[in-house]
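Asker: As annotated by TrEMBL, region 'Disordered' applies to 1-37. The annotation compositional bias 'Low complexity' is assigned in TrEMBL to 11-31. The feature transmembrane segment is assigned by TrEMBL to 44-65, 113-131, 138-157, 163-180, 192-213, 233-252, 281-298, 304-322, 334-351, 357-376. Feature annotation from TrEMBL assigns domain 'Glycosyltransferase RgtA/B/C/D-like' to 100-247.
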Amino acid sequence: MIAASGESAVTGEAARTADDGAAQAATGWSGRPRRTRWTGRTRWTPLVAGVVTTGVAVSGGTASLSGDEVATYSAAVARPLSGLLVLVQHVDGHFLPYYLLIHLWSFLGEAEWWLRLPSALAAGVAAGFLADLGRRLAGPRAGIVAAALFAVLPSVSFHGANARPYAFAAAAAVVSAWALHRVAESPTWGRVGGYAAAVALLGCTHLFSVLVLPAQFLAALLALPGRMAWTRVVPAMAAGCVPVVVLGLVGWGERAAISWIQPHGPEVLLKVPKHVAGSDLAGPALFALAVAGVLILLRASVPWGVLVGGWLVLPPLLLLVVDALVTPAYVDRYVFVAAPALALSAGVALASVRPAALPAALVAVPSVLAVASLGLPAQADYRRQNGHYEDFPGAVEVIRAELRPGDAVVYGQSRLRTGFRYYGRDGLPDDVLLAGPGPAFEYAEKPGLADALAGRRRVWVVWRGTKQAGLEGTKIRRVAAVRAAGYRLSTAWHSAELPGLTVALFERGRGGD
């Protein structure tokens, strides 16, 4: 009996050792599993990280809705579901999942902060899962520092307070990477299904968010033994990509909607640190740390070093390839999906610094505070009323301050009505050209501007762009038409940020060009 019991104990210990070894082989991580677990009070780290990040995103901001956010309001809030379904047949069809979410969300309100709250919550989800992913890859300290860095990124504050789907894309990228690591730990069908769902969610957030998937594909090939990657992860990835393929086909048919994007050359890659971090001061410093962090991960675990490094650099590189070979598509907000990788790799680098005579926190905490300090100018800019570059309430106040009975308003771009009506509600000049809503973001307008202005002594003209864009030449044709109708410029105001909004007052028989 003693011999049998001893043999059983040894066999059980051997089995546990073999299981640990198999898990380490699958993940490529050489550290012992118990070192990567949350213990004691640290088990609340993901939740705390999520709450703090959401709080930072929603705090202190006074920025008005941008033109893109007004498009969200127009598509998902200002029209019924039937109108939304008509709109996506003309433009923004690939945003349908996000618009449906906001449509349901708006049943409880349509204030600025309420429309932006889902993005702030998504940023919090990204931070929470990033903390746990960092723990899995390099230990609890790395997870804590990565989440802290993510929370103080100016780009996170911007997109976390932006009624657009980019914070959701970042969150889905983190969740899919986290789900892939769980598959590598134990490739059960349940975990494989969870990974497929995460990939599907990723594709539903934004078309270009899937540019993180090549890094996950390479990591899976390196992390999983034998044919496991080809028989489980690749089919899961393919199944998860079905929504993005459908949305991509819709987007391709509507590609004229992004014809405003100008082609870029390789030099734009020099701006990637700023585009990802949201700050031209914090970005380069974080990228230097990130390079060190990726190298540390590669030394410890090639698959996960490849995952994080690829996640950081492939989205901007592949987006530039699309821009050069398919259609101009490089826009800075499209690479925000790489922001979690930036915070994660930089967090790994800082967590690896362990002075013998000092607690590790004395390195990590000042470093996070330094990054936060470098990002303060950008944080302050994003929180100003004009922080999203189109100051609709400021423009409304300019008009109201000088408004007289009988004044008319003409919109240089008809879609601007939505923003002015959102902030102006009542008390705007007479909209003399409005004929009715259109199927997309534009409005139907009456054909004869001179006839519509008959008997009007003063007319306000508003357009997106600088003063020069409207007052020099005929680029803004509504301005040219107002002048042709006998009106002369009296005064003009611009919101100061480019492209910004311009408000100009024209009067009959007064002022000069």
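Every residue gets a Cβ built from N, Cα and C, even glycine.
Values in this document were obtained by computation on a predicted structure and should not be read as measured data.
Each of the listed features needs to be described in terms of its position in the shown structure.
Answerer: Sequence-distant contacts of the transmembrane segment (233-252) (same chain, at least 6 residues past either end, Cβ-Cβ under 8 Å): 88, 93-94, 96-97, 180, 183, 187, 192-193, 195-200, 202-204, 207, 210, 213, 216-217, 220, 224.
Remote same-chain residues near the transmembrane segment (304-322) are listed as 27-29, 137, 173, 177, 180-181, 208, 211-212, 214-216, 218-219, 222-223, 264, 266, 268-269, 272, 275-276, 290, 293-298, 329-330, 334-335, 337-338, 340-342, 344-345, 348 (criterion: CB distance under 8 Å, separation of at least six residues from the stretch ends).
Counting only same-chain residues 6+ beyond the ends of the transmembrane segment (334-351), those with a CB under 8 A from a CB of the stretch are 126, 130, 133-134, 137-139, 141-150, 153, 155-156, 159, 166-167, 169-170, 173-174, 206, 208-209, 211-212, 272, 275-277, 286-287, 289-294, 296-297, 308-309, 311-313, 315-316, 319, 360, 363-364, 367-368, 371.
Beyond the ends of the transmembrane segment (357-376), by six or more residues, the same chain brings 141, 144-145, 148-149, 152-154, 277-279, 281-282, 285-286, 346, 350-351 to within a C-beta distance below 8 angstroms of the stretch.
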Asker: Counting only residues 6+ away from its ends, which parts of the chain sit with a Cβ under 8 Å from the transmembrane segment (163-180)?
Answerer: 57, 65, 68-69, 72-73, 95, 98, 102, 115-116, 118-120, 122-123, 125-126, 129-130, 132-133, 136, 156, 191, 194-195, 197-199, 201-202, 204-206, 209, 212-213, 216, 219-220, 233, 307, 311, 333-334, 336-337, 339-340
Asker: Please indicate, using numbers and ranges, the residues of the same chain that are 6 or more beyond the transmembrane segment (192-213) and have a C-beta under 8 Å from a C-beta there.
Answerer: 94-95, 97-98, 165-166, 168-169, 171-173, 175-180, 182-183, 232-233, 236-237, 239-245, 247-248, 251, 310-311, 314-315, 318-319, 322, 329, 334, 337-338, 341
